[in-house]
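Sequence annotations record features per position, and here TrEMBL assigns domain 'Phosphofructokinase' to 144-455. According to TrEMBL, the ATP binding site annotation covers G151, R214, G215, G239, D240, G241, T242. Residues or ranges marked as Mg(2+) binding site by TrEMBL: D240. What TrEMBL lists as site 'Important for substrate specificity' is G241. According to TrEMBL, the substrate binding site annotation covers T268, V269, D270, M313, G314, R315, E369, Y431, M432, I433, R434. The annotation active site, proton acceptor is assigned in TrEMBL to D270.
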Amino acid sequence: MAVAQTDPAAAAATRRHDDDDEDRVMIYLPFSNRVKLQKLPLLTDHLSLGSDLDLVQSNLINTNPLEHNPFFSQSDCFYIAPSDVVLRHIIYDYKHPQPKAAAAGGGGGEEEKQGYYSTTTSALAYHRAGPRRQILFDASRIKAAIVTCGGLCPGLNTVVRELVLGLWDLYGVRHIFGIKAGYRGFYSTEPLPLNPKLVHNWHKNGGTHLQTSRGGFDLQKIVDAIQHRGYNQLYIIGGDGTMRGAVEIYHEICQRKLKIAVTGIPKTVDNDVGIIDRSFGFQTAVEMAQQAISAAHVEAESAVNGIGLVKLMGRSTGHIALHATLSSRDVDCCLIPETPFYLEGKGGLFEFLEQRLRENGHAVLVVAEGAGQDQMIEANNNDHHADNNKDESGNPVFLDVGQWLKSELNKWWKREHPNELFTVKYIDPTYMIRAVAANSTDNLYCTLVAHSAIHGVMAGYTGFVSGPINGNYAYIPLEEVAQAKNEVDTRDHKWAWVRSVTNQPDFHIYSNDDKA
């Protein structure tokens, strides 16, 4: 019986024709109709025109001084246009003409969490960061204030340095002040005049030369002090709590109709600020964590039945622990706040570690500081309630999961193997990591985020945060960043990669009956 033959070339041409038709439909859809641009507040939104804007020239527009800067070549694409945007999500499923349910509903379903959207769904976008051809501020009338709040983080000094140099060299600002000791410094200390010579070598040092503190947030006192000293640009550097405080300051300034632009620069070493790709200092923290893990591995390998236990930063997220585990490859188990674990029974931590000790003679355990809190509270008969124990910034005071695990490991081995040698070497590098100077990658990041913030403020934007989204710097409404979280998605490929590297158990798959 004859079999009909299909011409491969003709079949390929048909497929190309079909694909071309589909692609043409997608290409010619108006892009602006498929983009939802997040509104960015302008300083003029809450001010009346005229005398209320005496900080700028009478026509409300100034030519950007970069126009006359010999170090910059003003090509056609040098200045950012109002229509330049950065997309929040860059992965799309172009073969589905109808919106997917999760994307269309905006309910945060699986497709939305992974960043997959159909081509007919509105794409969320933000204004692109960078210099504008026309600016709102007159440099001769600017009085800028820079403050660092919360805990230490690699890169703090670099951000302050680059803010000073950017304002001074790019825009000719000569009145720049550092607020010492965090938010309370606005009303309790004298500001520190800043200039390029003073901050020249700051990027080489860890910590913050402006000093910092937690707490001290008194909204009325802060805004009164800002108003009294005549600041009209505020650069607020800090974590999620600091960003929430910046939102309150911004709203109070709007309520009073003050001529003050507010921008936040997110700082969190454990990378828990949402929307942006990462926060400055994170890559330095992961790099430094390698040294602690390497030391723990040497200690464990040099002992009989040795366990190296490393506690890393990460109160609500396990990004440092996750990335350090993937980078090290010496880690046998990684515990993070996003996924619960248990010690005893089938599939528990003790069973897994005993297997590793029998196979390799040693094991390395990495734990984020926020992991295991529920287990510890339960073990303490609920004597400690994190909701009722908070620090000056309002963050829950956590129990020490590292010390607890060390104690539980020793008790377990003594109970199960009383006549065998066993050692737990516990390393907590928290303050060593956060106090170091930023590495080269984070230093570059700090420069770009600082200059992006300056360009945005000079253009008249306020109530925003600058940061990278999919590798491109953008301006994000301050309130949106203050509310967003960046937790590890344990359904993501990256967490699956961690488990494939460590071969650790999935603590979710066993029921209470199985553990019993």
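Note: Cβ is positioned from N, Cα and C throughout, glycine not excepted.
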* Asked: Any idea what the Cα distance is from G215 (ATP binding site) over to R434 (substrate binding site), rounded to a whole Å?
  -> 19
* Asked: Pick from D240, D270, E369: which of these binding-site residues has the biggest number of other Cβ atoms within 10 Å of its Cβ?
  -> D270
* Same-chain residues at least 6 apart in sequence whose Cβ lies under 8 Å from G239 (ATP binding site) -> C149, G150, G151, P266, K267, T268, D272, V273
* Asked: Same-chain residues six or more away whose CB lies under 8 A from the CB of R434 (substrate binding site)?
  -> G151, L152, C153, P154, V269, G281, A285, M313
* For the substrate binding residues given in the record (T268, V269, D270, M313, G314, R315, E369, Y431, M432, I433, R434), what is the largest pairwise C-alpha separation in angstrom? -> 17
* Kindly state the mean pLDDT of the domain 'Phosphofructokinase' (144-455) in the predicted structure. => 94
* Structure fact -> Rounding to whole Å, the Cα atoms of G241 (ATP binding site) and E369 (substrate binding site) are apart by 18
* Asked: Nearest to G314 (substrate binding site) by Cα distance: which of the binding-site residues R214, D240, T242 is it?
  -> D240
* Distance, D270 (substrate binding site) to T242 (ATP binding site) (CA atoms, angstrom) -> 15
* Asked: Roughly how many angstrom lie between the C-alpha atoms of M432 (substrate binding site) and R214 (ATP binding site)?
  -> 19
